[in-house]
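A.B. asks: Below is one structure. I have some questions about it.
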């Protein structure tokens, strides 16, 4: 690994330390570049059982151990109230409305790059903040700053960060975005950081790993109903539409049906008026396919957005292959998007994120699908 010449002596960076390997290596790399680095550990959820408490305590312990190893300060802050008001209530409202939200995107918008940045500015006098996200920033000669996909295609997290403003991107550093994941772990191991082999976190942003059905049921009353085929035959019962999403294959409890072929069953629609879960066989069932979508709540990182008719691509979920598409603006806050080829399992409530090459342009929320 080539050494990095220090070029940023004196600039203060507050790194969001999660207790994971990505933030650990981010702090180390920034120190190598000459920044004055301090860590900040966020507590964003009030744990309500012992397992959660232990996991959160372990993350803080690991973050402290890494900061001790690197010789930097670790601050802590509690954003639980902000998380509840700005992320979790939105999450519940979307599920209640029958949509499938992405809390990680809202969490980045409201907590990691807003509440965190404000705290780093007002309390810790930071020049920049830094996170362990796999994205890159590019500073252009004209003074603009763009957000790019991470070098590691499999770990690229730009989909989750499309709501960042130009100003937020300009104040943020993403050291691991220039690296592959295996390189990050190798650096952590070489530096003797205890997080080098720590498993990547999954689950809902800050709420951690838990049984989703049980967790959601604590906050929203489930409404059981029928499962029907696309042809209208009742073949089972569901415990609540909110527990299911378009394209879902597992957990339907309808295997081994008589008079059906061997193709697996998928959720192809949710009938909110009748509280019916509609299923069909095969991952390309006609009810599962869309020719396009209407997208609203638009946000463009550079404030301008793509030009109508330009050759760009879209992702309608994380780690999806790029989808070539054509855009038409219906108004300042609504897009009509037509796919070059039909796409399966496009889900209202999820985010559509647009790219021009490696540049993440921004996106919006999928509102309605175009079928037929």
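Cβ atoms here come from the backbone N, Cα and C positions, even for glycine.
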A.B. asks: Which residue of 42, 106, 191 does Swiss-Prot report at the same ATP site as 16, 17, 18, 19, 20, 21, 22, 23, 132?
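C.D. replies: For the ATP site that includes 16, 17, 18, 19, 20, 21, 22, 23, 132, Swiss-Prot also lists 42.
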A.B. asks: Validating a neighbour-count step here. Other CB atoms within 10 A of the CB of residue 350 (site 'Interaction with tRNA'): how many?
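C.D. replies: Residue 350 (site 'Interaction with tRNA'): 24 neighbouring Cβ atoms within 10 Å.
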A.B. asks: Specify the nearest of the recorded positions 107, 133, 205, 350 to residue 16 (ATP binding site), where nearness means the distance between Cα atoms.
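C.D. replies: Going through 107, 133, 205, 350 one by one, the Cα closest to that of residue 16 (ATP binding site) is 133.
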A.B. asks: What count of other C-beta atoms do you get within 10 angstroms of the C-beta of residue 22 (ATP binding site), across all chains shown?
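C.D. replies: Excluding its own Cβ, residue 22 (ATP binding site) sees 27 Cβ atoms within 10 Å.
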A.B. asks: Assuming the binding residues for ATP are exactly those in the record, 16, 17, 18, 19, 20, 21, 22, 23, 42, 132, what is the maximum CA-CA distance in angstrom, rounded?
C.D. replies: 16
